[in-house]
Amino acid sequence: MTDPADTPTETREGVLLIISGPSGVGKSTLTNALLENLDADLSVSMTTRPMSKSDVDGEHYHFVDVATFEQNIINQQFLEHAVYNGNYYGTPRMYVQQKLDRGRVVILEIDVEGARQIKSAMPDSYAIFIKPPSEDALIDRLRGRKREDEETIQKRFSLAKKEIAFAESTDVYDVFVVNDDFNRAVAEIEKLIRRRLAEGQEPTLF
């Protein structure tokens with residue numbers, strides 16, 4: 001049987017995969033595994049925030065000034081955009097569409113509100129929300145990162161509970177995946193996406 005991920009890109013439709021989930025749930029680690037296992041492309045957001053010393057332009061974000069970003073808004077160049085901590089963030093439409101036209105899997109890691117905007121702009125996108133196995137497991141993971149004080153952890157935990165509740169109350173997400181076992185969660189998402197690719201595969205003409 002032919003693996004749909006190995007099918008020539010000219011013969012199938014691409015898939016825009018949206019990954020969301022609260023802080024500490026492991027979504028970035030899952031995304032990195034999926035990028036490798038599915039030979040997928042990561043959608044890199046555009047932002048007006050200043051670059052840090054560790055940032056690489058075009059890899060972590062596309063860094064632009066406010067005037068450039070706002071011109072892109074006027075020209076409808078974003079699938080979604082928002083302001084966070086006084087800085088613009090947005091998902092460039094052209095990059096995503098070019099990859100999808102080539103039959104690629106494009107992964108976009110984004111919050112619930114961004115996912116809602118993407119789903120509105122591209123209803124065929126496939127949205128997955130990553131959930132922790134329990135609230136206790138989530139706060140243990142937040143504490144286990146040892147990067148923040150308890151007050152900050154509690155704020156993140158409170159926000160995470162609200163984000164999960166909001167996600168469950170919307171019709172944005174196609175699937176909710178519980179990340180109780182990393183390898184199992186990766187395998188489950190891979191299976192879903194390969195099935196989606198197979199469904200979008202067109203017959204090859206000889």
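Positions of Cβ are set from backbone N, Cα and C atoms, glycine also.
Per TrEMBL, these features apply:
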type	residues	note
DOMAIN	14-194	domain 'Guanylate kinase-like'
BINDING	Gly21, Pro22, Ser23, Gly24, Val25, Gly26, Lys27, Ser28	ATP binding site
Proximal but sequence-remote residues of the same chain as Gly26 (ATP binding site) (Cβ under 8 Å, at least 6 apart): Ile130, Arg141, Asn179, Phe182, Ala185
Local confidence of the domain 'Guanylate kinase-like' (14-194) - pLDDT mean: 94
8 Å Cβ shell about Gly21, Pro22, Ser23, Gly24, Val25, Gly26, Lys27, Ser28 centroid, ATP site members excluded: Ile130, Pro132, Ala160, Asn179
Three-state secondary structure, Gly26 (ATP binding site) (per DSSP): coil
DSSP three-state assignment (helix, strand or coil) for Gly21 (ATP binding site): coil
Least surrounded among the binding-site residues, given as Ser23, Ser28, when other CB atoms within 10 Å are counted: Ser28
Of Gly21, Pro22, Gly24 (the binding-site residues), the residue whose Cβ has the fewest other Cβ atoms within 10 Å: Gly24
For Lys27 (ATP binding site), the number of other Cβ atoms found within 10 Å of its own Cβ: 21
